[in-house]
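Input: a single structure, listed below in structure tokens.
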Amino acid sequence: MSKQLPQDFVMGGATAAYQVEGATKEDGKGRVLWDDFLDKQGRFKPDPAADFYHRYDEDLALAEKYGHQVIRVSIAWSRIFPDGAGEVEPRGVAFYHKLFADCAAHHIEPFVTLHHFDTPERLHEAGDWLSQEMLDDFVAYAKFCFEEFSEVKYWITINEPTSMAVQQYTTGTFPPAESGRFDKTFQAEHNQMVAHARIVNLYKSMQLGGQIGIVHALQTVYPYSDSAVDHHAAELQDALENRLYLDGTLAGEYHQETLALVKEILDANHQPMFQSTPQEMKAIDEAAHQLDFVGVNNYFSKWLRAYHGKSETIHNGDGTKGSSVARLQGVGEEKLPDGIETTDWDWSIYPRGMYDILMRIHNDYPLVPVTYVTENGIGLKESLPENATPDTVIEDPKRIDYVKKYLSAMADAIHDGANVKGYFIWSLQDQFSWTNGYSKRYGLFFVDFPTQNRYIKQSAEWFKSVSETHIIPD
């Protein structure tokens, strides 16, 4: 049966500066944590990505043509402050003014993220989110952006704090590529929430009239079996990846049960508890009571079973199905039940997880007034057909099927009371992936990276229909 979305529901595509812009050495842009890391790996480069730095008008024109009312973009901090602080690069400032003006020209509202995994290199070397200097410079950068880019009405402080901290210090897939350091993970998580809170409180004090939120990666965690030990493993995983953030940003405090689970993980790894101050917790509480919205990035769900060995993680970075391993000391082991479909990158396809996380926010965190689904989509191995012409439409039925199921689950959550106001598909166009390079394609628009030519995918036409009719077909 088809399902109806509210008439004021907005839809669009999502991007991130480092993944789409390219031009990493142009117009005075400073280096970021990824530049040296990717150079040393030698697997793939962030240039040209989707060359959005030069082709943003082409992509925004496509977005408008295919029914998008909104877009997620991020500001590359190192385009504004090449060193993270100090001298401003006017060419970077001018670029974002042009980008936002072009959004307006195409009748698309930008939701603008201040930090999307791209810490300036100097601040990364100073400790990244473990450094007080980083926090202070981030707040100063945010203040500059709020004053400079008054045309922006929707701000996002940080994209996926959990992904940043866990992949930097627990699984080691993001630079500095440390693993098993749960103490650093939780401290970085807390510090990100402090920075987020300071920025929310600053923005509200400036009375600029816009809205501000945060984006979380929220993958619903289920027990692998009905056993008590598997239920507890799921609770531990949830505390690591979801619960601490939800508490801090949406409740304004860390609930005692959450802290007990965090301490259990740290004790099992013989590592100390993260540090916080009363002043920091006051800022966190104040921000939670002023937050305008939360963004939910949901792609897959996890199932956890009890595990008592050493941590072992293998990241599936090339689409070899079944190659990923995730076992964390003091937490548990990820194990998919029989019958759960996965992508080539071992991400489960489980729309019920979308429903459950949206209802959890609605039921457990009533302070936040509005939710957006700020990322959802499926990465596929796709190629340009031989003899393709500019009019070629690339068939991607798997993407349509995936998005239809997740949109349907989201519509059910709206029906049951969740105040979800919009959906951003990941991604607008094919992009560069942090850990997969160019092999994993998410876009509604196919990018032939050697030529940078754009081609329409069938999913873009389907997306346009849903956006314009507000009806999710059978």
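Every residue, even glycine, has its Cβ placed from backbone N, Cα and C.
According to DSSP, E160 (active site, proton donor) sits in a coil region rather than a helix or strand. Feature annotation from Swiss-Prot assigns active site, proton donor to E160.
The secondary structure of E375 (active site, nucleophile), as reduced to three states from DSSP, is extended strand. For E375 (active site, nucleophile), the same-chain residues lying six or more positions away in sequence with a CB closer than 8 A to its CB are A14, R72, V215, A217, G295, N297, N298, Y299, F424, I425, W426. What Swiss-Prot lists as active site, nucleophile is E375.
The Cβ neighbour count for N159 (D-galactose 6-phosphate binding site), using a 10 Å radius and every protein chain shown, is 25. The annotation D-galactose 6-phosphate binding site is assigned in Swiss-Prot to Q19, H116, N159, E160, N297, S433, W434, K440, Y442.
Of all the Cβ atoms in the protein chains shown, 22 others lie within 10 Å of the Cβ of W434 (D-galactose 6-phosphate binding site). Here the Cα atom of Y442 (D-galactose 6-phosphate binding site) is found 18 Å from that of E160 (active site, proton donor).
According to its DSSP assignment, Q19 (D-galactose 6-phosphate binding site) is helical.
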